[in-house]
Amino acid sequence: MTSQPQVRHFLADDDLTPAEQAEVLTLAAKLKAAPFSERPLEGPKSVAVLFDKTSTRTRFSFDAGIAHLGGHAIVVDSGSSQMGKGESLQDTAAVLSRYVEAIVWRTYAHSNFHAMAETSTVPLVNSLSDDLHPCQILADLQTIVENLSPEEGPAGLKGKKAVYLGDGDNNMANSYMIGFATAGMDISIIAPEGFQPRAEFVERAEKRGQETGAKVVVTDSLDEVAGADVVITDTWVSMGMENDGIDRTTPFVPYQVNDEVMAKANDGAIFLHCLPAYRGKEVAASVIDGPASKVFDEAENRLHAQKALLVWLLANQPR
């Protein structure tokens, strides 16, 4: 079987150029204001939504969003298909491409996407892998635009500063670096030694920052919170790491996002968390339940940003 390099997929944050990312974010705002204004899946046409990892927000937001676009979500978990059980991912993608308009997948190894992309003739969407979580970043950027750049739109993100505290060696930190740098935002990963991002992801973010003017910083110093417009954290123990034998609590205690940390940020700074959150662990209840917190707007924006992404991908495939 031949590869399909011309198909536009969204497997990583840098699969969109800065201009394309801005287009998606602008469309997301439109779809939030007019949820049923785009119906590219009218028919209904189908989208495969595949889960190797369990989810709440990903499943509900994609299922509802596909319905809003006029389509039908075929939701399948790993226990009810042959994926990874003898049939190759290449064969699976080739077959599914005959049935559906797009494939959305939440999986473990990021390399799985590259295997499916070899034969998929429809767009693949990474709804989460061990390396990256690019759909979440689109929702976060939409939330930041709403709160910090409502008049300018995505263009107003340029020069804003975001800081992420906690485990810097996970998919969220990787995507924040690349996705925010794509938007022209300065992004700082504040994490203890031994839990900082891998060089390959820092380099990808820096490369994108060279295009947009964004600065990428990796440090263990909380002083870096100064000047932040956005403060972000994530769970200290990501899914699948519960029993890896590594102490994922003690090193992160100094990096909890609490009132003291928020006081270091700019006046009017907002707090984001992709959820689920553990109050008293990575974030104090006073922060996540306080006025700076936009976590539920952020969760809602998964719906709108992912709809915009699907509309954009379906409209930008080779004819």
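Note that Cβ sites are derived from N, Cα and C of the backbone, with glycine treated the same way.
As recorded in Swiss-Prot, the features of this protein are as follows:
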- S55, T56, R57, T58, Q82, R106, H133, P134, C135, Q136, C274, L275, R302: carbamoyl phosphate binding site (BINDING)
- N171, D234, S238, M239: L-ornithine binding site (BINDING)
### Message
According to DSSP, does C274 (carbamoyl phosphate binding site) sit in a helix, a strand, or coil?
### Response
coil
### Rounded to the nearest Å - Cα separation of C274 (carbamoyl phosphate binding site) and D234 (L-ornithine binding site)
7
### In the chain carrying H133 (carbamoyl phosphate binding site), residues 6 or more apart in sequence that have Cβ under 8 angstroms from it
N126, N171, M172, S175, C274
### Query
What three-state secondary structure does DSSP assign to N171 (L-ornithine binding site)?
helix
### Summary
One residue among the binding-site residues S55, R57, C274 has the fewest other C-beta atoms within 10 A of its C-beta, namely S55
### Message
Whole-number answer please: how many Å between the C-alpha atoms of C135 (carbamoyl phosphate binding site) and D234 (L-ornithine binding site)?
### Response
15
### Message
A 10 Å Cβ contact count, applied to the binding-site residues N171, S238: which residue has the minimum?
### Response
S238
### Query
When you measure from the Cβ of R302 (carbamoyl phosphate binding site), which residues in the chain that are at least 6 apart have a Cβ under 8 Å away?
R57, T58, S61, C135, Q136, A139
### Inter-residue Cα distance where the pair is S238 (L-ornithine binding site) and S55 (carbamoyl phosphate binding site), in Å
13
### Summary
CB contacts under 8 angstroms to D234 (L-ornithine binding site), restricted to the same chain and 6+ apart in sequence, sorted by sequence, are Y164, G166, D167, N170, M172, A173, H273, C274, E282
### Task
Measure the Cβ-based neighbour count of C135 (carbamoyl phosphate binding site), defined as the other Cβ atoms within 10 Å of its Cβ.
26
### Task
In three-state terms from DSSP, label S238 (L-ornithine binding site) for me.
coil
### Summary
C135 (carbamoyl phosphate binding site) falls, by three-state DSSP, under helix
